[in-house]
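Student: Just dropping this structure here.
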Amino acid sequence: MENVSLALGRALWVFLLAMIGSTTSQPLGGESVCTARPLARYSITFIGKWSQTAFPKQYPLFRPPAQWSSLLGAAHSSDYSMWRKNEYVSNGLRDFAERGEAWALMKEIEAAGEKLQSVHAVFSAPAIPSGTGQTSTELEVHPRHSLVSFVVRIVPSPDWFVGIDSLDLCEGGRWKEQVVLDLYPHDAGTDSGFTFSSPNFATIPQDTVTEITASSPSHPANSFYYPRLKSLPPIAKVTFVRLQQSPRAFAPPSLDLASRGNEIVDSLSVPETPLDCEVSLWSSWGLCGGPCGKLGAKSRTRYVRVQPANNGTPCPELEEEAECAPDNCV
């Protein structure tokens, strides 16, 4: 299930291209309209920055290793919302955030384009098979549909994702030339798992979308819990660049990740997030040993739960002794 976005890549494009022709209607509602020239075309580059250096706690190495799903987005008006912080996600976005299944979300986007006339175009980019790397595509925006939203699932995770909600690429009467944004993890509010590899544990009743921070959820088991940090480093970045060439027919990007290449993030530019050692509680004291009439010794132990990394606090002593009166002395 975790790699379903990789397998659905080509089918996703076929579906998206079929939708584009039917989702270019005018929006409903009375929102202000962008007065920029009729159409603008942008390249969008998504860069994953999810490295073991920046996010050492419980970093997924196997089954599956850290990676990103395909990117799915839409150019739309204010009548449509793909997702929004502090609001409930749709069933389609729930399926995408939990399992990487895009079909229901794509159907919702199609319905918004046909019924609400609020979606101008949809776009997608291939998945990234590692935590660090990049993927890209192109999108077209229209003065009446100048907002852009997208989501990318964090794999593996219970229901965590990154994305953009209703970014306006129009500013007054002009299209923005470039937009660069750092991205941070969000919880879709549909699964209560605390760690990347948590088993499915539905949130009942469903919660709203929340941003995951270094201190929230405030639980040591959470994979993003770093109490020494004021804020998490960005886990991804997205760049929109306006293309100067005249509009042309929409063409999907190459689905060959090898030809595009994955950006390997320079380790010198990645912040080192300190990970402190975590140990268990002490065990019970053992029996007191020693000769009768003299003080003996007893001991207890604890074990390392999380090894320190990136100059985090080192582990304390794992064994402790104390004087005692010998047990069962005759």
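Cβ coordinates come from backbone N, Cα and C, glycine included.
Okay, these came from Swiss-Prot:
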type	residues	note
BINDING	Glu140	divalent metal cation binding site
BINDING	Asp159, Asp187, Asp191	Ca(2+) binding site
DISULFID	Cys34-Cys170	disulfide bond
CARBOHYD	Trp282	C-linked glycosylation site
SITE	Glu140	site 'Important for metal ion-dependent interaction with integrin'
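So that I understand the layout, could you describe where these features sit and how close they are to other parts?
Tutor: Every protein chain considered, the tally of other Cβ atoms within 10 Å of the Cβ of Asp191 (Ca(2+) binding site) stands at 22. Secondary structure at Asp191 (Ca(2+) binding site), taken from DSSP and collapsed to helix, strand or coil, is strand.
Sequence-distant contacts (6 or more apart, same chain, Cβ under 8 Å) of Cys170 (disulfide bond) comprise Cys34, Ala36, Ala40, Val141, Pro143, Ser146, Lys176.
Secondary structure from DSSP puts Trp282 (C-linked glycosylation site) in coil. The Cβ of Trp282 (C-linked glycosylation site) has 12 neighbouring Cβ atoms from other residues within 10 Å, across all protein chains displayed.
Glu140 (divalent metal cation binding site) has a Cβ environment of 19 other Cβ atoms inside 10 Å.
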Student: Long-range neighbours only, meaning 6 or more apart in sequence with Cβ under 8 Å: which ones does Asp187 (Ca(2+) binding site) have?
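Tutor: Set apart from Asp187 (Ca(2+) binding site) by at least 6 residues yet with Cβ under 8 Å, we have Pro158, Asp159, Trp160, Asp207, Val209, Thr210, Glu211, Ile212.
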Student: Give me the CA-CA distance between Trp282 (C-linked glycosylation site) and Glu140 (divalent metal cation binding site), in Å, as a whole number.
Tutor: 60
Student: Excluding Asp159, Asp187, Asp191, please set out which residues of the same chain place their CB within 8 Å of the center of the CB atoms of the Ca(2+) site, keeping sequence order.
Tutor: Ala97, Glu98, Ser157, Pro158, Trp160, Ala188, Gly189, Thr190, Ser192, Gly193, Thr203
